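Structure, as structure tokens:
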Amino acid sequence: MALRGPLRRLLRTQLNNTCQSRAHSVAVLGAPFSKGQKRRGVEHGPKAIRDAGLIERLSNLDYPVHDFGDLSFQYLEKDEPYMHVPFPRTVGRANKLLSGAVRNAVGAGHTTIMLGGDHSLAIGSVEGHARQCPDLCLIWVDAHADINTPLTSPSGNLHGQSVAFMLKELQNKMPELPGFSWMKPFLSAKDLVYIGLRDVDPGEYDILKDLGVQYFTMRDIDRLGIQRVMEVTFDHLLSRKQRPIHLSFDIDAMDPSLAPATGTPVNGGLTYREGIWITEEIHNTGLLSVMDLVEVNPDLGASREAVASTASMAVDVIASSLGQTREGGPITQESPHLKFKL
């Protein structure tokens, strides 16, 4: 039965209040999952980020931090590829579980931090967020566009197709994968901005152009500067109305000299200053609602130092998105990147 009149307005008001009440508390959700790609180790990302001092760092901010631990994912013994997409049922089931967890955390009034795991997890993270805040916008910081479909993807890996599941404009181009019957596309292309692209597949490039998606490559960042990139991003997403921001941050957006322990590193990435500028500016809007930090893979670090550098970079990115400033701010603990990299 359709909701009408005062009840519908009341529920809409309650939903809007939930989405607009940000940063009074922080929820951390771990998602130790790797089946969106073929390289093992990324399931250890949440532990590596916590071990690098995430909770201690966030606890020095001005609001309570609730670490809800890690989700427990079931891996199907028999999950045959569909077309050339590996583990579709396992990835679909994991994202359904994550969607519910993010939805509940946002509904409880928390600014939510999701620790991956591979970037296929953004399907569930953004979908769960959108169930609470249907007018959200998405900022995707990544070396890759992750907007392939099963028909365009060279590898079939679902961590490279996450955005395609979300976009309404691609609904007719996405085959019905087993494991994903629980979700429907929910995001318009105009509500998405990419920052940091430098490894885009030909099929993805065609999709970006056909849909008119706003994106900034590393060449654009070199040309315009990161300050102007963020100004254009906010003008594109927020000029019509203030609304919740979902930030999906792949650690491979950073240059591999800063974050080497990741599955698909690409040279020429964001500098430390550029990456932190992005998250500081998003924090300054007061609209950050959910953040994903994904693709930290401790098994791929060439040394302990490489793993520590990558995990520390992830902590810095998360902390700055929640209010840590390079001037010191409320944080008393000194970041190793601030000490040695600037």
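Cβ atoms here come from the backbone N, Cα and C positions, even for glycine.
Automatic, uncurated: that is what TrEMBL annotation is.
According to TrEMBL, the Mn(2+) binding site annotation covers His119, Asp142, His144, Asp146, Asp250, Asp252.
The residues near the Mn(2+) site, meaning same-chain residues not in His119, Asp142, His144, Asp146, Asp250, Asp252 whose C-beta sits within 8 angstroms of the mean position of the site's C-beta atoms, are Trp140, Ala143, Ala145, His159, Gly160, Ala253, Thr264, Val294, Glu295, in sequence order.
Between the candidate binding-site residues, His119, His144, the densest Cβ environment within 10 Å is the one around His119. Within 10 Å of the Cβ of Asp250 (Mn(2+) binding site) there are 28 other Cβ atoms, across all protein chains. Sequence-distant neighbours of Asp252 (Mn(2+) binding site) (same chain, 6+ residues apart, CB-CB distance under 8 A): Asp142, Ala143, His144, Ala259, Thr262, Gly263, Thr264, Pro265, Val266, Gly269, Glu295.
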